[in-house]
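These features come from TrEMBL:
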- A:T156, A:K182, A:T193, A:E280, A:N404, A:S409: substrate binding site (BINDING)
- A:T193: active site, nucleophile (ACT_SITE)
Number of protein chains: 2
Amino acid sequence: MPVNLNVPAAESLFPVAGLDMGYAMAHIRKPNRKDVLVVRIAEGSSVSGVFTTNRFCAAPVQVCQANLKVGKGIRALVVNTGCANAGTGERGLADARATTAKVAELLSVQPEQVLVFSTGVILENLPMDRLLPGIEQAVAGLGQANWLDAATSIMTTDTLPKASSRKLAVGSGEITITGVSKGAGMIRPNMATMLGYLATDATIAQPVLDRWTTAMADASFNRITIDGDTSTNDSFVVIATGQSKAVNIQTGQEPEAAQVFEALKAESIKLAQAIVRDGEGATKFITIQVEQAGTEEEALKVAYAIGHSPLVKTAFFASDPNLGRILAAVGYAGIDDLEQTRIQLYLGDVYVAQNGGRHPDYREEQGQAVMNDAEITVRVQLGRGSASTMVWTTDFSHEYVTINADYRS
Amino acid sequence: MPVNLNVPAAESLFPVAGLDMGYAMAHIRKPNRKDVLVVRIAEGSSVSGVFTTNRFCAAPVQVCQANLKVGKGIRALVVNTGCANAGTGERGLADARATTAKVAELLSVQPEQVLVFSTGVILENLPMDRLLPGIEQAVAGLGQANWLDAATSIMTTDTLPKASSRKLAVGSGEITITGVSKGAGMIRPNMATMLGYLATDATIAQPVLDRWTTAMADASFNRITIDGDTSTNDSFVVIATGQSKAVNIQTGQEPEAAQVFEALKAESIKLAQAIVRDGEGATKFITIQVEQAGTEEEALKVAYAIGHSPLVKTAFFASDPNLGRILAAVGYAGIDDLEQTRIQLYLGDVYVAQNGGRHPDYREEQGQAVMNDAEITVRVQLGRGSASTMVWTTDFSHEYVTINADYRS
């Protein structure tokens, strides 16, 4: 059961002018599920992407990075689930290129103008005999799919489709921002997650969109973790079609720029948090705030040490305020000159550890009361400086083990 | 159920001349279990220790390090379970010092000649009102406990006592080596694990024993991981009582030195592996060998990335050869210039991935056959150099979640 997350209503997801979508049931891995998505992008759109830093990055990630570098203007995305096309060597690259070539041929664009994404099992080859007909079917249906179909077409172990949408009154009119994401396991993005797509009809010049995309990923997809496993296929793509004439952002210094950026960032955070809320086996949504760090990197080390600790995560699953486990994680986070006597720990509003020891007024019942909530904030102060960060994660349940012991079967 | 590990027979654990042991049931946390151990060490013994690098290291660890530094010669160890005396601030330090003072008083030695160890729940104070009488009881029984009692007295979530013993014909006679260890969760030692004690009646000068202890820890306790959580209390102590006159090692260059060192190291490895075999919820014992690394540090990064990945560990639990997850872990291990096309992956003797892609001859049934075993070796070659390492770990099961969701209750 996802934590405070529901299937979005189709009508709540506003179309973004300049994009057409189509899907197919191609039986890539399992029958009768939407598993291929094609998105056609109007000419003149800006498209930016950030990708996994996993050195075993998948063939489609390598092709995406190469095609974005070519810079001919991206005109289409194609996504399949069921097979990640990772750990597939030269054949995987050839399959990814054949996929872009097929889409390009059908849409009369060039292969370098197509981005390709795969998600699913690693170390298996793409079933091209089923994928290519699936692409034909998806292209034939272009324009008939909506954003809810798109969100559904990219699901793997997700229990529900994830999407977010809003309109923003800005400049001389309004713009639309709509996005989808997927992912529930192998989640500790390190540039972006597998997969996030965010689109707007605002006009945003390519260099601005590139900068913003990185900043948005850092504030959203790069701040979540479920199991600490950085995927081979993480990708986050932002599209600005420029079909709305409400704003025209060319430098990022325009008066409306900050408003647009903040709105895009807020939607990115919602999409990233949706992945955590639907984390494999999740029963809790946990916010880890680390404050008074010497640097942001230091704050992140501590936040991830807490967020990845199986002992901390199983204690959250049990709603057990076994909070010493959090201090242990702080201690092994890799800050060599950390002074334990300067550490403060709060669970929600409860002051648990003062100067590295149990707070004299702390009572177990107080910790228990916070632990019983579905949404919990852990706050650690390091007493080293003024840097801070925030990371979102889940607990670790029996269901996580069940899902990942059975995922391929 | 531990993986290929049984309760040792009491008579298989040879006494080490120069040591007396006593235990108590002090009800530190739970009634009717041996939870306090006192070891008296004969004058003139060499004693070395290595301890956790967790910056939240427990009060007893801080006291041990200080007392070893004083260098008056260690004459006793005192160990309690049920409470780790970590995250306890100034009061924790005072309690640890009061514990050494009590033992010193009873044995007519100085407090600085006593090492103190605690294991159990973090962020709770030691119940001194029960611990001090327990120490009196243990000291009163000195000499009546055997090594199996000692191994039992230090257990927490362990399902069985862990001990190993051998005699070694060397020099002019023979020496005895006997040790005990404990631990099943919060195991990713980073100097040593919570807790390992190894003793011999050989004569080994203090500087040699110091060097050897570090080397032995690096080859044994520092090569195991269960959940990646480095404990606040990890301690590994080696005692050489010098009661056997078979060898007299003063420099480490003696002809018999290598033989004695290798025997001590082999026992350390057995004790460390016993912790993995009894890992919380373990159903598999997994050896991770990383070869052809540029440096040993690099090899360790990769080995631990595999050994800590919840996705790899749950696949092992399911006996599912979902081996792409191993490649993903290799990819995010933090080697920035890793070339995936140089990676080879073997599961047991099966060649799974060749040059970063699925080996053309690899068949799922082969991987499945290896996965069905209780002891499995993963071998990764990085194609970067000639450094290598080995790490031992477990799978990740429902039982792990159950144990850690219920540990305190």
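Placed from the backbone N, Cα and C atoms, the Cβ positions cover glycine too.
A quick note: this is a predicted structure, and the numbers were derived from the prediction, not measured.
Taking 8 Å as the upper bound (exclusive) on CB-CB distance to chain B, the binding-site residues A:K182, A:E280, A:N404 give A:N404 in sequence order. Within 10 Å of the C-beta of A:E280 (substrate binding site) we count 27 further C-beta atoms, all protein chains included. Annotation: A:K182 carries the greatest number of neighbouring Cβ atoms among the binding-site residues A:T156, A:K182 [cut-off 10 Å, Cβ to Cβ]. A sphere of 10 angstroms centred on the C-beta of A:N404 (substrate binding site) encloses 28 other C-beta atoms. Classification of A:N404 (substrate binding site) by DSSP places it within a helix.
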